[in-house]
């Protein structure tokens, strides 16, 4: 049954245009092509990333947080109350004072205070958010540099799908490391800081893993490499802005965020749709007739583009708030200084995972 299903799923007419097939991806004459079995390498890499992350956060991120002055606020713990705890965990995190007042014999104000403190206990600490941002910043920066190295001397025509060029070692490891990293993000999503766009992040992780895996299996290596590079180009700016925000370096955070917003809009709302998607959606139909793999690949790209638009709206709103809310305040010595005011709320900033 499974063998028949696998044979049907991988039939050539689904994934290749007419006249091409899996035989064209067999190694020959010194040329090496991507193979589906290679993707299993990403699983141990993902586990290694989870281990390395724990070591990095303890040995690098925590001392760095102390150096930059990340300070934790003291949070008062809610006193033990089984009735309120049961209501909080199973019904709602906001109290219904009338019923709870009767059940616990507490006043309405006491119940509100208990729920406020209990919600604060569940919020991630500033140090946890800083360590997560510093880990992502380190990876995205190194991944961007690695992507540049793997695309040296690559012509524009090489990004087209089904471009049967030999697989380079740099491309192999770039793909496996990127896939392993996003696999580790999917594994750790339950313990990472949860934000307003949590569902969108799940969609993003799944779409990214599918897109990387599919482009690898059918040798869309050049296209996939360029797409990952375009997305990695902005993510490390966001994560560095978060780090400075958590450390209280407001001006540095604001200016880096504006740079991030500009790079994000250029790469994901201009270069990605009007150059990359054009090369994978519009140009190929001038060479061969559309087929299922063509629609599947571009469908994943359009899913990512929808997420780009969703996140761009959030980014533009924050950028506008920054640009339009400059305040003039008096310093202690009477001189004036301009202070850029921007509140980078955790619910408004997405995690910075580079789609693909």
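Each Cβ is built from the backbone N, Cα and C atoms, and glycine gets one as well.
All TrEMBL annotations are machine predictions without curation.
The transmembrane segment annotation in TrEMBL covers 39-56, 137-160, 172-190, 202-221, 255-283, 295-320. Per TrEMBL, the feature domain 'TLC' maps to 128-324.
On the 0 to 100 pLDDT scale, the domain 'TLC' (128-324) averages 84 in this prediction. Counting same-chain residues at least six beyond the ends of the transmembrane segment (39-56), those with a Cβ under 8 angstroms from any Cβ of the stretch are 134-135, 138, 176-177, 179-181, 183-184, 187-188, 213, 216-217.
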